[in-house]
């Protein structure tokens, strides 16, 4: 694969004497660049495209949003098929899939700081379809070559998955009826008290009590929530609360939860809350007094948790002018809040000409300056109102940058692997897989710490379905159907079949472990998952180095 790329400025001897460290640093910088482009430019442009196409949340989550979170793996696979003509793409996707399942669940379990309840429906739905995808992959790569119809089957399986997501609520309703006690299990909760303890989101209980609310339109659900909690929630808050329930696709729930947490953190910074008996007074800057006359929950502990949340919501509601056109006004408020977040918390990309405050922020700004300078002039930020109409330009230019950064990343990793005598597959399964999946891991951990690990787990498994079926199926189909009709994709490593087999085993073990742990994610399950990830890596590496059986020819070296 090394000879498919341009010549390196260093010789192999130079690299062995320390120059390889520069390649490692360059590869790490490419990981960071990919995370910035995907999260700050590519995903927002996809959201705008979904809005213009009027796609339902489920279909958008299964198509465009999945593509957004898995773009690095997809482009790495494309480079593996068309440029390196090796196994680096397959290795990256297999390694990333195992990382997503075992490592993300393990990290969430260990560092969530609480026991997180999981939903049986979303986990079973994604796990079953994911198992079918992996079985199909094993069958197709068993003879070490992939034909045009096999790659087409993988792509068509993803089309079926989109339809399943489209009719998710109907299938979910049938699942609920067949399992008598699943009304509580579906949301991973036994009672209202548990709901308050786990997510501190009392308003969501109203939604979970509704047996068939998922058949209604989103706006009706928002209205129900507003009427159930009058004068306590703004329209935007109610919308966010609804979009973190299990009736929305994983990516939507993850992003909505993150947005809700950012908004609440901002409000906590800007407000000081005082509690006095049954009525509470929230003082916000500029100072406004909002008195709640309703009675709080009977439990004093609950009153502390929920009262604070109500005050924050009421303080926000107090800032909004009573207006018939409430939707538009709240949308404006949302935009202002998001701009505040960008300014204060630097959730958005850094700009090359605005120096942030704080020593850590300045160091990060200096580290990312070359990247932010290039992106500032080449990719319009469609999150900003005045650049919103340029979303298609953002989509096209961010796609090109993702392709370029992925190319650089695979090039660096190929050189590192060649210099250290490590096969491409191992570099894909370990270094590339972890690097492309770390942003998802961080997002999942943030959400899991707030008691919403359900969406973190379903997001990690849901993105794997895209990785296997589109990340591998689409480049293979293009090569065997469009570029060179009737040709075969040949896999060099026999050991990949063992790795994919371990991938299948990891799904079974994870779902079985969650079931045995009573659908709860805790430190015990986290330790088990991380241990299994370590075992997977050891077994894969030993297999590729011909420890158990002969699967790989030794690497050629320049003399």
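Any Cβ shown, glycine's included, is placed from N, Cα and C.
Looking up the ranges 148-168, 169-189 in TrEMBL, the one annotated as transmembrane segment turns out to be 148-168. When Cβ distances are compared across the two stretches, the transmembrane segment (495-515) makes contact with the transmembrane segment (89-111), since 3 or more pairs at least 6 residues apart fall below 8 angstroms. Note on the transmembrane segment (399-418): residues 1-2, 5-6, 8, 12, 15, 20, 23-24, 26-27, 30-31, 33-34, 37-38, 41-42, 71-72, 75-76, 78-80, 83-84, 88, 375, 378-379, 424, 426-428, 431-432, 435, 555 of its chain, located 6 or more positions outside it, place their CB under 8 angstroms from a CB of the stretch. Helix, strand and coil content of the domain 'Sodium/calcium exchanger membrane region' (24-165), in residues and according to DSSP, is 119 helix, 4 strand, 19 coil.
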